[in-house]
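Engineer: First, the structure itself, so that you have it in front of you.
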Amino acid sequence: MSAMLLPLADFTAPKIEYNELAPLLVVFGAACVGVLAEAFLPRQLRHLVQLTITVVAVVVSGVLTGMLMNGKKEIIAAQGAISVDGPALFTWLILLALTLISVLLFAERSVDGGLSAFAGQAAAVPGSEAEREGTAARIEHTEVFPLTLFAVGGMMLFAASNDLLVLFVALEVFSLPLYLLCGLARRRRLISQEAAMKYFLLGAFSSAFLLFGIALLYGYAGTMSLGGISDALSTDTGNDTILLAGTGLLGVGLLFKVGGVPFHSWTPDVYQGAPTPVTGFMAACTKIAAFVGLMRVFYVALGGSRWDWAPMMWIVAILTMVVGSIVAITQTDVKRMLAYSSIAHAGFLLTAFVGLAQAGSGVHNGGITSTQAVLFYLVSYGFPTIGAFAVVTLVRDAGGEATHLSRWAGLGKKSPLLAGIFAFFLLSFAGIPLTAGFTGKWAVFSAAWTGGAWPLVVVAVLSSLVAAFFYVRVIVLMFFSDLPADSPDVALPGWQTTSAVALGLAATVVLGLVPGPVLDLAARAGEFIR
Amino acid sequence: MNIGWLTLLLLLPFVGAIVTMLIPKAKALTAKQVALGFSLVTLVLTVIVAIGYHRNGPDDYAETYTWIKAFGAHYALGLDGVGVVLVVLTALLSPIVIIASWNDAQSGRWSEKSFFAWILGLEALSIGVFSATDVFLFYVLFEATLIPMYFLIGGFGGPQRSYAAVKFLLYSLLGGLLMLASVVGLYVVSAKHGAPSYLLTDMMKLDISQNTERWLFLGFFFAFAVKAPMVPFHTWLPDAAGEATPGTSVLLVGVLDKIGTFGMIRFCLGLFPNASQWATPVVLVLALISVLYGALLAIGQTDIKRLIAYTSISHFGFIVMGIFALTSQGLTGSTLYMFNHGLSTAALFLVAGYLISRRGSARIADYGGVEKVAPVLAGTFLFAGLSSLALPGLSPFISEFMVLAGTFSRHKVIAVIAVLGIVLAALYILLMYQRTMTGPVRAGIEKLKDLNAREILAIAPLIILIIGLGIFPKPIVDIIKPAIDSTMQRVGVTDKAPQIPVTEGQK
């Protein structure tokens, strides 16, 4: 009978599961409201309103996510485009929690003479009269808040995308705001703009790789959906060239976002140039989204060809750990050092990813799976990271943040509390027991070993040693060096930075001492569904 | 009755550390008194626990709570004979070091009180290490001890202290991280057998394939060999002990390094009995090299503290030899050796520290004729030296004899060569004594003050114990023996010759 009707009537409205997608929709909706607020509200009101919108949206979205997790309903939503499964919900929750802390840092105005870390007018030429006027008039870019919302919405979508096309769209949605945010630093604007430019160009290249990979995989499987590709893998044995080329190109694009060697070269420059609160946000949240996306694509869609890509990933994991740790030793800038440290951490995460310990394949009841380990590690890495960058914003001299390591000499004398907290974060990065970093490392190593990748574990512990060296060097510098005469000041933080640091510290301690609840939560997240 | 004695022992110094830290900087004296008070109370409690253990056995002191379920980790504490001895040693040395270092921390990088707070922190963690019965908990505490020790070395001591502290830390971390790999491996093995559990009692039941067992053993052994330290992983010790204050050196060599040999008994032999037997030849040779090489290098030293550090390397060689001889006499001897070495090296380091603080130099060449100016100092130095070279009648003699006798019953050649170590010990101690204490009085020595009451108070308990245990070691041997027997049983070895009971052999 339907053949009798016009073709238009064949169109059935797509079924959208609004309940399950509510966390995403809240964030994107709030971002749009933020854009409108930016356009219509008078300047004085914007900061407060934007901050309120952002915080409320993030909190509401977080609560909704929590409710979904409680409901334990895992579905493929939006006609197979988005997978709202356990790992996705867990990722949403940590992304939102870390975004909340980052947003607090974005809103901080008391460390730099009543102005935020963002440029007054990004369009004004650095050092020009217009820039000075803007500063004098206390103009600031409150667009950062909706941009952040778009970014975090994109990340959430990225981590949950069940379709390569959605994956790509999500990637762009979260990357473009980040490019902008990177270029908005109030201090050292040239280096900030350079960072944004580099990030944008290299990011565009990597997007192209990703897109090419998607096209090839589509050519191989005839579908974009992750489940469909997996099915094609299990039935079709021909045309491996396209499959391998597609996998490789897709891997390049994803590893770029993760910061895996040899696709890491943007990280130090961008981390150094971007406004420090943005660096913290990127270091924590981008890594989380990118990693979950990477795991989803490779586990769900390409799990059937794991023997093809696993060897290459072994090499990337080893390179990432080794290069990240060794090159970090030579860094003289705190932010660059933390950038290389984040690369090394990506390497540790990759060990668990490559280990591929999944329930049913080597993991017995109660054992740690790769997904669980990676999710836990991302939590245990995210909080100290933002906390550490928050500390970096506080060490200042006349030119803004004093990020050169030599300027941190003797900080332990000047502000034992701040230096002590930073040292604690560094110890956590180094994986010293009783910190979050240790339990995280333990989890990924055991997942890697369970999957049979014990050589990676050995490389990882040796890289940890090298990494420990450069973390300890900073501690030595802060506590064991004499205070130079022209040492930078430690700014008195407002409540925003204070709470960001305090939250980071609390999470680092709690996850180090009683990681059980979060581990269980990550275990309950289970595996990716398709 | 079990009221969480061990938790109490662990918490008390920890609370003491925090309280000490909270006292205002200006009241350094109060801080020191508080720290001393806490360490003394801990000592009293430890003695009560030790006596209770002697009477009622280990069951009263076991505590087990699940800590991280997903990892199979527990907060589990318990004592065995070896653990008790080392807990007592830790609790004993801490107040002694606090008294002896009363004025040593004034020229440190940080406030005086922090030195004493770190000592208490180290004491708490060390007691935890010696009583942990969960591998994960042990590993966590094992690594955590690095932090107080790092700050003790790096904050207070000689000009090269930062370098020494970092070297110490990196060596220890290298060992520790390789052990982490093995700890993770143990988890994987455990998880394959059902619900993962790190409890020692569960771990011992695991059936580990031969190859895996050997690799895991190597990870643990390497960490302990760095810690102990054995040649060729020893180079951090002379630097650390040479730069640190004498008190820190006592804790480093007397307590912290014992974790290495303690771990060999409890974890290497306990968890990997077959691999331990497999590795015995190599380990014994390494131990033998440590004995001789440490002693030879000690003879050649020009710095008093470095010399003592090298003597310890030689002594640790003996301890490891006794452990891996795998005879009950050797193992008992080694455990006793750990205790006695703690006493004698503490005495030696402390008296040397007194001497060095008076003259302001650690070079042997700067001294001469001290015995004419400061007879008490010279006398205690001689006594400490003689106990270090294992003079019969003093406690180290008994343990050294047991180690050699135990090794001889199984590995004759090695034991015979190791006896050379005793001869060399006499050389390095007596040469040092001769050069510093006898002969004409050197310039700069004339006005050297003799020991004061506080310094004598710190050293007196050590002297009394060294003599007392030299004459009557039975109580401590009685405590050690059952633990050794169960370890022997676990490894599956029995003594070769028809055995003469250990204690009677010494009478």
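Heads up, the Cβ atoms here are built off N, Cα and C, so glycines get one too.
TrEMBL annotations: computationally assigned, not manually curated.
If you look up TrEMBL, you'll see B:132-424 marked as domain 'NADH:quinone oxidoreductase/Mrp antiporter transmembrane'. Positions annotated as transmembrane segment by TrEMBL: B:6-23, B:35-53, B:73-102, B:114-130, B:136-156, B:168-189, B:278-300, B:307-326, B:338-356, B:376-394, B:414-433, B:453-472 (among others).
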Engineer: Pairs 6 or more apart in sequence, C-beta under 8 angstroms, 3 or more of them: is that satisfied by the transmembrane segment (B:114-130) and the transmembrane segment (B:35-53)?
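Structural biologist: Yes, the transmembrane segment (B:114-130) and the transmembrane segment (B:35-53) are in contact.
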Engineer: Count the Cβ pairs between the transmembrane segment (B:168-189) and the transmembrane segment (B:278-300) that lie under 8 angstroms and are 6 or more residues apart in sequence, then report whether there are at least 3.
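Structural biologist: With fewer than 3 qualifying Cβ pairs, these stretches do not touch.
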Engineer: What stretch in B:35-53, B:278-300, B:307-326, B:338-356, B:414-433 has the biggest tally of Cβ pairs under 8 Å against the transmembrane segment (B:453-472)?
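Structural biologist: Most contacts with the transmembrane segment (B:453-472): B:338-356.
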Engineer: Among B:35-53, B:278-300, B:307-326, which stretch has the highest count of C-beta pairs below 8 Å with the transmembrane segment (B:414-433)?
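Structural biologist: Most Cβ pairs under 8 Å with the transmembrane segment (B:414-433) come from B:278-300.
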